[in-house]
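**Student:** Grabbed the feature section from TrEMBL, which reads as follows:
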DOMAIN    114-183  domain 'COQ9 C-terminal'
Amino acid sequence: MSEVKKAQLLKALLSIVPFEGWCEAALAEAGGKCDLSSQEVSILFPRGITDVLRFYNQQLDHQVMETLENNGLVDMKVRDRITLAVRTKLELMTPDREAIRKGVSFFTMPLKATEGMHNVYDTVDAMWLAAGDKSTDYNFYSKRFLLAGVYSFTLLFWLDDSSEDFEKTWTFLDRRIAEVLKIGGTLGKTVGKISALANKFHVCSPFAKKST
């Protein structure tokens, strides 16, 4: 039941954010629209907007994974699977592009930057898992590090893209994926550098406590 209430509250908030931004006042207003008291809102999202955005991101990632699972990936190359994953997420966010823009601004604040990194990690991890990735050790982290760059830069490009059906964004995405494949080949031969990158991402990984 709490997940249903969270989804309802998020939906109400998304209609307010384009005008007021991701702020506690907007969250309170959305709570009122859903007949939720401030205490109920706090129970659903203890950290306020930070938790709302985490929930929103997780909902989108879940939809991306479902889309890929229903798309018959067996005959698709890994490159095409990842491209589809990034494109699907952006398409899912299109109806709320202004809210996404304000969300990006929210995570540029110094105290929120780390949380923004966690969200990006969650997204690229979900994309790789949906694409069938079974890598381990440094290769696991290097793939996510590289995709984080592709996803982040493509997201920023998409936010300012006014081309029809976002055609410029998809061209940009294809170029970034191609570049990453080249970089990935070089990094794969340089284990030391990959290990350093892995250590940075290890902090954000949900598997960090399980490592030995």
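The backbone N, Cα and C atoms fix where each Cβ goes, and this holds for glycine too.
These figures come from a predicted structure and were not determined experimentally.
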**Student:** Averaged across the domain 'COQ9 C-terminal' (114-183), what pLDDT does the model get? Just tell me the whole number, please.
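**Tutor:** For the domain 'COQ9 C-terminal' (114-183), the model's average pLDDT rounds to 92.
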**Student:** For the domain 'COQ9 C-terminal' (114-183), what are the DSSP-based totals of helix, strand and coil residues?
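**Tutor:** Going through the domain 'COQ9 C-terminal' (114-183) residue by residue, I get 60 helix, 0 strand, 10 coil.
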